[in-house]
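The structure appears below as structure tokens.
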Amino acid sequence: MSSNYLEFKFKIEPLQPASEILVAELGYLGFESFVEEEDGLTAYIPAEEYEDDLLAGVHILQSEEFQITYSKGEIEQVNWNEEWEKNFSPILVDDICSVRAPFHPEPDTEFDIVIEPKMSFGTGHHATTHMMIQHILKNDWNDKAVLDMGCGTGVLAILASIKGAKFVDAIDIDNWCYQNTLENVERNECDNINVEEGGAELLQGRKYNMILANINRNILLRDLPIYKDCLKKGGNLFLSGFYEEDIPVIKKACLELGLNYIEHIERSNWVAVKFSA
């Protein structure tokens, strides 16, 4: 698509879950594309669809829980392939796993994941996705039943599949993420990934060796009992989407459910924690 677009650069503190909420609200108002940043979000809307009072309908901008500021600029004749090339650079995790877009050259790495991110969360650029990739690289996934809860682009599910998972259920409540994961699963030729749209209500009666949940603190705390019921004895639960200072409350909730704390990774004050059943 090529036309005049308005570019909004949002600075967000704290970033999650505000960024996810903001994407949902802006998407409803006609914003068509989003780029994750370390400290916020960049959003694009066709100039002809924008009205001066449009953002007055964005509830999270009025919230006292988050500090959100933004600037606005106009871009003429947006070439979205060029925008992705500028804003989505390839990443390398632990020198062995690359995450790139289709227009990037194929790297010489052990694991190579091709992602067309569109509006979905989870390209590997954000600290939480990066750390979850690190956890996957460090652990054995061969012949494991895996759940990727809140799959975003599907990057974690895809890596688990590549690393030998028996099957992966990739679930997201957002339709755009569901559609994007379907596309990325096909792009990476992973035929053992089952992609579903929905929430934790889908998990009743299921059992997994490995569960990945990169969402946010409140949803994780709410759904932890469900994850615990789905986790096989000796299985592992990997959680991210929260800050280092949130570890005590997450750890307490997990210990009360009979889970054992193993370790955590920290990056830019975000953490990804491993528990076992």
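For all residues, glycine too, the Cβ spot is worked out from N, Cα and C.
Small disclaimer: the values here were computed from a predicted structure and weren't measured.
Here the Cβ of Thr129 (S-adenosyl-L-methionine binding site) has 26 other Cβ atoms within 10 Å, regardless of which shown protein chain they belong to. The S-adenosyl-L-methionine binding site annotation in TrEMBL covers Thr129, Gly150, Asp172, Asn214.
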DSSP three-state assignment (helix, strand or coil) for Thr129 (S-adenosyl-L-methionine binding site): helix
Residues near Gly150 (S-adenosyl-L-methionine binding site) in space but at least six apart in sequence (CB under 8 A): Ile171, Asp172, Ile173, Ala213, Asn214, Ile215, Ile219, Gly241
